[in-house]
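Record features (TrEMBL):
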{"type": "DOMAIN", "residues": "38-186", "note": "domain 'HhH-GPD'"}
{"type": "BINDING", "residues": "CYS188, CYS195, CYS198, CYS204", "note": "[4Fe-4S] cluster binding site"}
Amino acid sequence: MNAVTIRHILDTIAEMFPDAHCELNHRNPFELTIAVLLSAQCTDETVNKVTVGLFDKYRTPQDYLNVPLEELENDIRRIGLFRNKAANIQKLCKLVIDKHDGEIPPNYEELVELPGVGRKTANVVMSNAFGVPAIAVDTHVERVSKRLGIAKADDSVLEVEKKLMRKVPRDEWTLTHHRLIFFGRYHCKAQNPKCDVCPILEHCKEGKSRMKAALKKRSVSS
Ligand code: SF4
């Protein structure tokens, strides 16, 4: 895909979702880290419902360590993998206190050392909490990038991230991450993407083949 086409796609998606932003509610880097950790295999909407009460009860890393693990599990039990996530939250809080004076470290290498924090979470925290450009590749970003042909179908998450970083100007990484998420969440959905009204259909192989298949189905049934 050439640079002109990429530019056109980025501009079109920006026009469609001018207000794209992080949808996980948080007030500081620590809350954002906890929210992203909780969001693995779970919708932002569910995480936000849980964090309303959670962030009220637990304000500091020490607060999470002051309760038995079972109590924390119970407080997040509406979230998938809650046992695993509760254990990681307590380990993360301990490390943040022991090694970082109770603060989330503002650099990538130390972030990925925290239990439950992988590449995607670290990128989200770096970009949203500390203003460092980053493209976090979640399920929406991966799917959209592959459908559009920005990345190949069998590329790993890391390969998708690297391709996006090469093709998108650095000062647009963070916004592009949010816009691709909105585009994937509300338009190019996993099931039933809106190809028939998609303004970038002409650049999308997947969309074209879906439209062709839909036309064929219609002509067979009529
Ligand atoms: S044409 Fe369809 S598959 Fe392609 S980007 Fe648009 S909605 Fe997604």
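Including glycine, each Cβ sits where the backbone N, Cα and C put it.
Distribution of TrEMBL features across the structure.
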residue	record	DSSP class
CYS188	[4Fe-4S] cluster binding site	coil
CYS195	[4Fe-4S] cluster binding site	helix
CYS204	[4Fe-4S] cluster binding site	coil
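Less than 8 angstroms from the CB of CYS188 ([4Fe-4S] cluster binding site) sit ARG143, VAL144, ARG147, LYS194, CYS198, each of them six or more residues away in the same chain. Around CYS195 ([4Fe-4S] cluster binding site), the C-beta neighbours below 8 angstroms that are at least 6 residues distant in the chain are LEU201, CYS204, GLY207, ARG210, MET211.
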